[in-house]
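For reference, the structure discussed in these notes is given below.
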Amino acid sequence: MELIFLGTSAGVPTRSRNVTAILLHLQHPTQPGVWLFDCGEGTQHQMLNTAFHPGKLERIFISHLHGDHLFGLPGLLCSRSMAGNPHPLTVYGPQGVREFIATTLRLSGSWTDFPLQIEEVSAGDILDDGLRKVTAFRLEHPLECYGYRVVEHDKPGALNARALKAAGVTPGPLFQALKAGKTVTLADGRQINGADYLAPAVAGKSVAIFGDTAPCEAALALAQGVDVMVHETTLDASMEEKANSRGHSSTRQTATLAREAAVGRLIMTHISSRYDDKGCQRLLAECRAIFPATELAYDFSVFPV
């Protein structure tokens, strides 16, 4: 998996940062895909600067209904429809996202020509496509808001072909069954258990993508042990009280969460427009002082998971 940041500003766009949107590129060898997390104003325009377009999207996850996370959605849906893309799309989000989509399309005389499914979520598992699971966590914000934890299923370990050949098993259909951990019977009557010839399973990658939030109990469960945590750092440590009063987090709080959750890496985003490049570097330094494995996202930054 890899993350492509389309917008990294909080509240309003700036000359260098658009409002929130993040692509998750699912780099599976046989079932690749592209998911979008939040869709602030101008998201479809930002996508023009990437290798992806709205037609490639399979799923969109909306954290909450504030405009800087949502107002780009109607235009993106309409453009996807105008392009003649027939592939289905599912939108996940809090209560009200269905009404928002229906109302904006109706009042603007617009529609979608592709199958559009809308799922209003609550805390808990919301998706398992056989390759990965998505769990929603309710966060602390003035509007109903969720963060999403995406965890790949573990991959089977490599098959020890050399040992199987030494045991008299020839490559072919039997190898496929053994790779699946099944027991096969050879022509001479011997039974071979595939599990005995498999290396340990390879742990799937995991990422936690937060919506806007002040510190809360659910945040630790959402982030616990993930390879990558994407979290807002709206304001610096000196403005912590103001951040919390508006349902946001400071640099200090975000970095402390990353440390307590033992994540592999923290990626900062949702930066207040009050900070210029120098100010952003100060935010980064505040986080790294607590959690060194921190990166600052810019628009079009790409990070592997």
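Positions of Cβ are set from backbone N, Cα and C atoms, glycine also.
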Next on the checklist: Of the candidates His153, His270, which one does Swiss-Prot list alongside Asp68, His69, Asp212 as binding Zn(2+) 2?
Outcome noted: His270
Next on the checklist: Given that Swiss-Prot assigns His64, His66, Asp212 to the Zn(2+) 1 site, pick the one from His25, His141 that the record assigns to that site as well.
Outcome noted: His141
Next on the checklist: Please report the Cα separation of His141 (Zn(2+) 1 binding site) and His69 (Zn(2+) 2 binding site) in Å, rounded to an integer.
Outcome noted: 13
Item to check | Number of other Cβ atoms within 10 Å of the Cβ of Asp212 (Zn(2+) 1 binding site) across all protein chains | outcome: 28
Checklist entry - CB neighbours of His69 (Zn(2+) 2 binding site) within 10 A? => result 27
Checklist entry - Which of His64, His66, His141, His270 (the binding-site residues) has the most other Cβ atoms within 10 Å? => result His270
Checklist outcome for this item: Same-chain shell around Zn(2+) 1 excluding His64, His66, His141, Asp212, C-beta within 8 angstroms of the CB centroid, reads Ser63, Leu65, His69, Leu139, Pro142, Leu143, Cys145, Gly211, Thr213, Gly247
